[in-house]
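Each remark here refers to the structure printed beneath this line.
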Amino acid sequence: MRGQGRKESLSDSRDLDGSYDQLTGHPPGPSKKALKQRFLKLLPCCGPQALPSVSETLAAPASLRPHRPRPLDPDSVEDEFELSTVCHRPEGLEQLQEQTKFTRRELQVLYRGFKNECPSGIVNEENFKQIYSQFFPQGDSSNYATFLFNAFDTNHDGSVSFEDFVAGLSVILRGTIDDRLNWAFNLYDLNKDGCITKEEMLDIMKSIYDMMGKYTYPALREEAPREHVESFFQKMDRNKDGVVTIEEFIESCQQDENIMRSMQLFDNVI
């Protein structure tokens, strides 16, 4: 999506630093808030602890409230030092609004959470896996985190910037059904050759079972992931050529009510 030159030619991120409040300015309802926190816990650099509610922020003593940084002055020696410690600063807020389906306020909140976990402005695979593992202590999330990292790292340069992160998040949360299914296909297509093999699907499925841990599904047998994949792959590989194309993947998912319901769960996450 962006080359190395983009990560070296950086613009001022002051607009993204302008808010620590919740996305709408009001705390969400219980069910929406719970779903939002559950989803954000699955993503790096954007854990729910980075997004306090407005009521929590205002109720806290002044000394404990999140500090809202003043706008950076490029001519200030102090600000110049602060900026020099950041490896990557995202492009302008207006440009990110054009490229994603997030509002200005939403981008500010997402950037605050990202920067809290990734002060350098980018995250590599090892850091990504470390952050992700905090939310699945009962299992081994390392393999799934690697697959997810590669899906966010669209230009395959070994790092995920804030732009990479919000681009993927925008598709997952605000994209059309086809957009989301295309993103999911890319996640499963591990070698990025344009089709999904049974082995790739099995690798993903095993990583999910490993991540959830044996304590979550104690009754599952070791062969359960393979049986799951065999059943699912037979439905998707419509011409029985041993691979699933993007067309077969989308068509099969659109005809599965459970998958369609799961896609719609993300419509109002943020």
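Glycine is treated like the rest: Cβ placed from N, Cα and C.
The feature region 'Interaction with KCND2', as given by Swiss-Prot for the ranges 159-172, 201-214, 257-270, sits at 257-270. With Asp237, Asn239, Asp241 listed by Swiss-Prot as binding Ca(2+) 3, the candidate from Glu230, Glu247, Glu248 annotated for that site turns out to be Glu248. Residue counts for the domain 'EF-hand 2' (140-175) by DSSP state, with H, G and I taken as helix and E and B as strand, are 24 helix, 3 strand, 9 coil. The Ca(2+) 3 site, placed at the center of the C-beta atoms of Asp237, Asn239, Asp241, Glu248, has further neighbours from the same chain whose C-beta lies within 8 angstroms: Met236, Arg238, Lys240, Gly242, Val243, Val244, Thr245. In this structure, the C-alpha atom of Asp193 (Ca(2+) 2 binding site) lies 21 angstrom from that of Asp164 (Ca(2+) 1 binding site).
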